[in-house]
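Taking it in order: structure first as structure tokens, then the write-up.
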Amino acid sequence: ADAAPTVSIFPPSTEQLATGGASVVCLMNNFYPRDISVKWKIDGTERRDGVLDSVTDQDSKDSTYSMSSTLSLTKADYESHNLYTCEVVHKTSSSPVVKSFNRNEC
């Protein structure tokens, strides 16, 4: 049966920022079928560079998939923008599932 993804977005950790890097992570959990796409936007502009997607194998218990998408930035790049958004497109929804956060509210 088709299953819609549960989508979460996570800002970089303070520990990572202290080292000069910044990874924003979008998690999509327990979806089916496997075909899914993620689009990253920074302040409303699509960002393709530095994105790494990783799909986990089918879950033996409920036959769903999970995926993480990591947007890797420098700390300076991260701190020069405010709104971070991942948009997830899956057949279970006619419109994208959108998750975002404002950096200055973290």
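Placement of Cβ uses the backbone N, Cα and C atoms for every residue, glycine included.
Now, the feature entries from Swiss-Prot:
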type     : residues : note
DISULFID : C26-C86  : disulfide bond
DOMAIN   : 5-102    : domain 'Ig-like'
### Query
Helix, strand, coil residue numbers for the domain 'Ig-like' (5-102) per DSSP?
10 helix, 54 strand, 34 coil
## Note on the structure
C26 (disulfide bond), Cβ-centred 10 Å count of other Cβ atoms over all protein chains shown, is 26
### Message
Restricting to the domain 'Ig-like' (5-102), what is the model's mean pLDDT?
### Response
96
